[in-house]
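According to TrEMBL:
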| type | residues | note |
| --- | --- | --- |
| DOMAIN | 27-132 | domain 'Thiamine pyrophosphate enzyme N-terminal TPP-binding' |
| DOMAIN | 224-335 | domain 'Thiamine pyrophosphate enzyme central' |
| DOMAIN | 434-559 | domain 'Thiamine pyrophosphate enzyme TPP-binding' |
| BINDING | Asp465, Asn492, Gly494 | Mg(2+) binding site |
Amino acid sequence: MINPTNATVSTVRNSVSSTIINPSQSTLGRHLARRLVQIGVTDVFSVPGDFNLTLLDHLIAEPGLNLIGCCNELNAGYAADGYARSRGVGACVVTFTVGGLSVLNAIAGANSENLPVICIVGGPNSNDYGTNRILHHTIGLPDFSQELRCFQTVTCYQAVVNNLEDAHEQIDTAISTALKENKPVYISVSCNLSAIPHPTFSREPVPFSLSPKMSNELGLEAAVEAAAEFLNKAVKPVLVGGPKLRPAHASEAFVELADACGYALAIMPSAKGLVPEHHPRFVGTYWGAVSSAFCAEIVESADAYLFAGPIFNDYSSVGYSLLLKKEKAIIVQPDLVVIANGPAFGCVLMKDFFVALAKKIKPNTTAYDNYRRIFVPEGEPLRNAPQEPLRVNVLFQHIQKMLSSETAVIAETGDSWFNCQKLKLPRGCGYEFQMQYGSIGWSVGATLGYAQAVPEKRVIACIGDGSFQVTAQDVSTMLRCRQKTIIFLINNGGYTIEVEIHDGPYNVIKNWNYTSLVDAIHNGEGKCWTAKVFCEEELVEAIETATGPEKDSLCFIEVIVHKDDTSKELLEWGSRVSAANSRQPNPQ
């Protein structure tokens with residue numbers, strides 16, 4: 001099963017059953033359905049197509065599985081991504097090529113974010129392989145491998161199941177590989193195989209017992225000794241958490257190290273939600289020139305910094321402008337430790353390294369003490385005059401007050417990255433965004449999937465109007481699933497993040513009447529409430545309604561703001577990323 005808290009795989013032995021299945025039910029479709037339930041998937045996101053219909057029948061027949069039909073394959077993939085962020089694994093089912101290539105973008109995003117997503121595709125009839133036939137849903141060539149070749153670049157394992165003899169092995173290998181590698185996998189199942197009984201499926205599938213990865217003990221000992229020596233002689237060392245804490249399942253061990261060492265504790269932006277912000281020595285987000293107040297000064301002035309699972313790309317480095325020095329850094333990846341300009345230690349698991357290092361490190365609160373000396377609390381936004389047009393910083397001041405252990409925040413690509421990054425997460429509050437891949441529109445499907453995975457939390461999604469236009473349809477699916485999400489649709493008339501990188505008329509979009517659109521999607525079915533707000537008074541009233549009388553409804557609040565109302569962080573970040581994008585070619 002999957003442990004939702006840490007999203008790790010554990011061995012299940014007490015539920016092993018040697019029950020012999022009724023021969024008529026010993027099918028590939030039933031086996032795949034049972035496997036999904038065993039690993040913790042109780043909801044599968046799908047779009048029906050003629051090649052997957054029989055398989056969908058078997059998924060529906062599984063009592064522990066809920067099949068959720070989405071409006072398009074891209075959103076089904078995004079939903080599986082959001083689901084995996086909470087449950088530790090997600091799944092989607094689409095049809096051959098037209099569905100597969102549509103979901104491909106979402107699977108690429110899941111790969112970049114190290115999320116195990118099982119992407120299942122209904123494939124051609126097994127008799128058509130190796131023939132010269134041309135099938136529909138293809139580009140008109142008798143070659144069925146186009147979809148497979150596309151998925152090979154964005155998944156860690158691909159299984160093309162077109163015969164029953166090795167179907168059991170192929171399916172189990174694919175699913176177990178996704179869990180071990182924390183990456184998506186691709187499973188294509190021929191459309192005529194799902195319902196055929198076969199002896200390999202005659203018993204209940206034995207639950208997986210995945211062998212845990214082990215550190216090289218000598219390498220671990222050497223890495224810990226070298227790191228402890230390096231850090232213990234530093235005057236003001238700091239810790240910085242990165243996004244690969246998630247696939248390494250090392251967040252708890254990282255906090256254990258932070259407790260032991262006393263260092264100032266920061267996070268990279270893409271690690272928000274992976275490290276508790278209520279930690280007594282938490283100093284905020286390290287994001288170079290757009291860091292939390294006083295955080296960059298503490299990190300960049302340190303004489304030693306340990307980065308846990310970082311990804312240094314052009315976005316996280318603010319156009320490659322971080323003031324860091326390699327000789328001061330310990331970089332810890334899921335199975336590798338690199339000490340400054342010195343040795344690298346492979347086959348050392350991040351989790352084991354932190355646990356062992358916590359026992360060797362000398363407490364040193366110097367960096368945090370310096371932070372406390374220079375820290376000045378952030379000021380309040382200027383108060384809005386009565387009926388004055390609403391400002392974005394006032395909006396997020398009110399969203400901050402909504403957060404609790406019973407909520408989770410989904411931040412869409414765009415200025416919401418920066419505004420949500422400044423939210424202070426209370427204990428137990430979830431937080432997700434897609435920084436590495438940065439696909440606009442991701443949040444609609446991800447909100448659907450995340451809310452389905454943790455129905456006890458109320459999801460608060462912050463989505464820009466440009467992003468919403470890409471994937472708006474699956475608000476419909478949220479209503480079908482009776483979700484109670486609150487969506488803040490921030491209407492500023494365009495692609496604001498792109499305006500700040502490089503402006504042009506292409507960044508202006510056609511304005512929609514978003515609340516009327518959602519009302520039309522609602523169509524009187526399910527619980528839905530919408531509001532359009534122009535000023536702070538209307539916002540306060542809308543939030544009171546959404547959290548009061550309409551607390552069990554999907555609430556859609558369209559917030560009208562000025563097109564140039566952006567965070568100061570986006571202004572700074574955009575100019576630096578623009579400079580990085582516009583570098584001239586190196587001389588030949």
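Cβ atoms here come from the backbone N, Cα and C positions, even for glycine.
Source: prediction; values computed, not measured.
Taking the centre of the Cβ atoms of Asp465, Asn492, Gly494 as the Mg(2+) site, the nearby residues of that chain (Cβ within 8 Å, site residues left out) are Gly464, Gly466, Ile490, Asn491, Gly493, Tyr495, Thr496, Ile509, Lys563. Close to Gly494 (Mg(2+) binding site) in the fold, though at least 6 residues off in sequence, lie Asp465, Gly466, Asn507, Val508, Ile509, Lys563, each with a CB less than 8 Å from its CB. Each residue of the domain 'Thiamine pyrophosphate enzyme N-terminal TPP-binding' (27-132) gets a DSSP state, and the totals for helix, strand and coil are 51 helix, 22 strand, 33 coil. The number of other CB atoms found within 10 A of the CB of Asp465 (Mg(2+) binding site), across every protein chain shown, is 25. Asn492 (Mg(2+) binding site) has a Cβ environment of 22 other Cβ atoms inside 10 Å.
Taken through DSSP, the domain 'Thiamine pyrophosphate enzyme central' (224-335) splits into 38 helix, 23 strand, 51 coil. Counting residue by residue with DSSP, the domain 'Thiamine pyrophosphate enzyme TPP-binding' (434-559) contains 58 helix, 28 strand, 40 coil.
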